[in-house]
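Everything below concerns the one structure shown next.
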Amino acid sequence: MLKGRHLLDPMDFSLEEIEEILNLGEKISKNPEKFSKACQGKILATLFYEPSTRTRFSFEAAMLRLGGQVIGFSEPNSSSVAKGESIADTIRTIACYADIAVIRHPKEGAPRVAAMYSKIPVINAGDGGHQHPTQTLTDLLTIKSLKGRLSNLTIGLCGDLKFGRTVHSLIKAMSRYKDNKFILISPKELRVPDYIKREVLQKNNIEFLEVERIEDVIEKLDILYMTRVQRERFFNEEEYLRLKDSYILDNSKLKNAKEDMIILHPLPRVNEIAVEVDEDKRAKYFEQAKYGMFVRMALIIKLLGVEEC
Amino acid sequence: MLTVNSIKNGIVIDHIKAGLGIKIFKILELDKINSAVCLLMNVQSKKLGKKDIIKIENVVDIDFTILGILDPNITINVIKDEVIVEKKKLKLPERVENILRCKNPRCVTSIEKYIDQVFYLVDSKKGEYRCMYCDEIYALSEV
């Protein structure tokens, strides 16, 4: 039962519950108009303690497409937070006005604090470098819709695998499905942290490979998930210059990729995917953003427990 | 030398690291119980050099799990008719509230001071705890 629950961590929901959300997300993606009155009379509050246009728009568009309405703030200076109000007091007040709340906060664990004091469902829309569960749901719905399955896939993750929370969550989430393999493509300095390898991959006997260059493995991949490699993450300039081009995806690197491979990226992209790739039919990152909205629509419906149309 | 009589029935918390006795006294809220309680500080010890001891008369049902966090070397003796009938072994508690403090500057506990500091046991062998809010993992010696 998802009604009334919070979503704080991507692992909060069981496989069956995620399945329920993804199935509804798929239904919505095929016929969004059918759901245009699902949340009529309901209000979503967006509490954005740090700016994030993309995520906020995605949530707001999701609620508006469900026929609901939206209140909120997009940066704390324009709210009572600037006067020093605690998260507990803010959420208790908002819960008097809204039916469901989305919170983004620079501090790790802030959405959990909100949930502790909230009478309405709270959705974590990103808390610092910690969790971003609706991005994980977005990735899952995109993969399920475009590949037709969440199991038996070879998933290449490329870029900053050390600090990228999106990547860590995706590894955890995809590790719950059968026969998935991971190819982890990154410079040595930005490899997946040991605890993920130990606690998630090795513990569950999941096959994985660590490499430094996309070209060496691209023909094996069903999914290529790109993330940004930031200059400041490197220990020295020499290393950065040596490796930076390896992490920019362009048409020449795609030469040996499977015809039905899909390229994903959590966005915003800076330069890690060359613009020429946008024309490739395998480039699915903008479609992914659309699935993000559909899965948020499904999540709102489920947490509110409103009638599915 | 200061001498304190042995107790007939009750509990003796022994081998407390010198200086920690008063903290344990407060955490266990021994000032609120009706029985006779004695806190001995800086007692000579062969093992520790100096140690603290707490004696509680006629009470045995105190939850000592929290003490495992403070000092795993503490021994707890249950006394009946002046004889030790049980030596309780300390285990690390699964959940700890407001004893450990998260040191992660990015953690919400660094700004919302009214919330409880909650940690969960991750690895009892290594003595590792995880902050409930930011998931940062600490060895006990760090927090």
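From the backbone N, Cα and C atoms, a Cβ is placed for every residue, glycine too.
Keep in mind the model is a prediction, meaning the values are calculated, not measured.
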According to TrEMBL, which candidate in A:Arg104, A:Arg112, A:Arg242 joins A:Arg54, A:Thr55, A:His132, A:Gln135, A:Leu267, A:Pro268 at the carbamoyl phosphate site: A:Arg104
Sparsest Cβ surroundings (other CB atoms within 10 Å) among the binding-site residues A:Arg54, A:Lys83, A:Arg104, A:Arg165, A:Arg228: A:Lys83
Closest of A:Lys83, A:Arg165, A:Arg228 to A:Leu267 (carbamoyl phosphate binding site), Cα positions, binding-site residues only: A:Arg228
For A:Leu267 (carbamoyl phosphate binding site), the number of other Cβ atoms found within 10 Å of its own Cβ: 15
Residue pair A:Arg228 (L-aspartate binding site), A:Thr55 (carbamoyl phosphate binding site) - Cα distance, angstrom, rounded: 18
Helix, strand and coil counts within the domain 'Aspartate/ornithine carbamoyltransferase Asp/Orn-binding' (A:152-301) (DSSP): 64 helix, 24 strand, 62 coil
